[in-house]
Amino acid sequence: MPAFNRLFPLASLLLILWVGVCFPVCVEVPSETEAVQGNPMKLRCISCMKREEVEATTVVEWFYRPEGGKDFLIYEYRNGHQEVESPFQGRLQWNGSKDLQDVSITVLNVTLNDSGLYTCNVSREFEFEAHRPFVKTTRLIPLRVTEEAGEDFTSVVSEIMMYILLVFLTLWLLIEMIYCYRKVSKAEEAAQENASDYLAIPSENKENSAVPVEE
């Protein structure tokens, strides 16, 4: 049982990785909210669909609201990509997926004036035999653009924890391998000792031990 308890977390991790590879899974990951001036910035917008909702007509609208201003349309997907006339014209790039579950866009050459609130609206009309339901989802991305990249304390801590976990798993696997090797070696030594003891018995004793005594 202790060995099972030690192996169960690793088996669970391997099972999750196997499922993720064999069966694509949609995960609604939030977007980054900080960008550096002059670099590209991906505005992530993911709207997952259930398996039975594959057939759908999807319309995507991206809006931008500057600080103290109003929303205005900067990008639209309706039967194809369409970049509308705006201050972002020529700097927006479609970064979504073919199934339109990921409808992200990338802002090229980010400037300080690009700080503000970005809104991603995803409208879907599902095609069923009996009815055609309409669903709309909204994602808000408050973006802050800085002149230089600042050190993110959270990312540093996460990176340190990742390395610690990696070292721990490596040591754990090494200990398990040594334990299994010693266990197999002891089993082989015991088998060899039993075989040696059997060979050391005189042949007469072997015959007597093999033939039952009749009264």
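Keep in mind that glycine also has a Cβ here, set from the backbone N, Cα and C atoms.
All protein chains considered, the CB of CYS48 (disulfide bond) has 13 other CB atoms within 10 Å. Residues or ranges marked as disulfide bond by Swiss-Prot: CYS26-CYS48 (among others).
Under DSSP, CYS45 (disulfide bond) is assigned to coil, being neither helix nor strand in the three-state scheme. For CYS45 (disulfide bond), the number of other Cβ atoms no farther than 10 Å from its own Cβ, over all displayed protein chains, is 28. What Swiss-Prot records for CYS45-CYS120 (among others) is disulfide bond.
Per Swiss-Prot, the feature domain 'Ig-like C2-type' maps to 32-154; the stated evidence is sequence analysis.
The annotation N-linked glycosylation site is assigned in Swiss-Prot to ASN95 (among others) on the grounds of sequence analysis. Taking Cβ-Cβ distances under 8 Å and a sequence gap of 6 or more within the same chain, the neighbours of ASN95 (N-linked glycosylation site) are LYS42, ASP102, SER104, ILE105, THR106.
ASN109 (N-linked glycosylation site) falls outside any helix or strand according to DSSP and counts as coil. In sequence order, GLY38, ASN39, PRO40, ARG91 are the residues near ASN109 (N-linked glycosylation site), counting only same-chain partners six or more apart with C-beta under 8 A. Annotation comment: Swiss-Prot describes ASN109 (among others) as N-linked glycosylation site.
What Swiss-Prot lists as N-linked glycosylation site is ASN113 (among others), and the listing cites sequence analysis.
Among the features that Swiss-Prot reports, N-linked glycosylation site is placed at ASN121 (among others), with the record citing sequence analysis. Counting only same-chain residues at least 6 apart in sequence, those with a Cβ under 8 Å from the Cβ of ASN121 (N-linked glycosylation site) are VAL60, GLU61, TRP62, PHE63, LYS136, THR137, THR138. Annotation note: ASN121 (N-linked glycosylation site) sits in a strand segment as assigned by DSSP.
Annotation source Swiss-Prot lists signal peptide at 1-22.
Confidence over the topological domain 'Extracellular' (23-156), given as mean pLDDT on the 0 to 100 scale, stands at 87. According to Swiss-Prot, the feature topological domain 'Extracellular' maps to 23-156.
The topological domain 'Cytoplasmic' annotation in Swiss-Prot covers 179-215.
Helix, strand and coil counts under DSSP for the domain 'Ig-like C2-type' (32-154) come to 8 helix, 57 strand, 58 coil. Once Cβ contacts within 10 Å are tallied over all protein chains shown, the disulfide-bonded residues CYS26, CYS120 are led by CYS120.
Of all Cβ atoms in the shown protein chains, 11 besides its own fall within 10 Å of the Cβ of ASN113 (N-linked glycosylation site).
Cα of CYS45 (disulfide bond) to Cα of CYS26 (disulfide bond): a distance of 12 Å.
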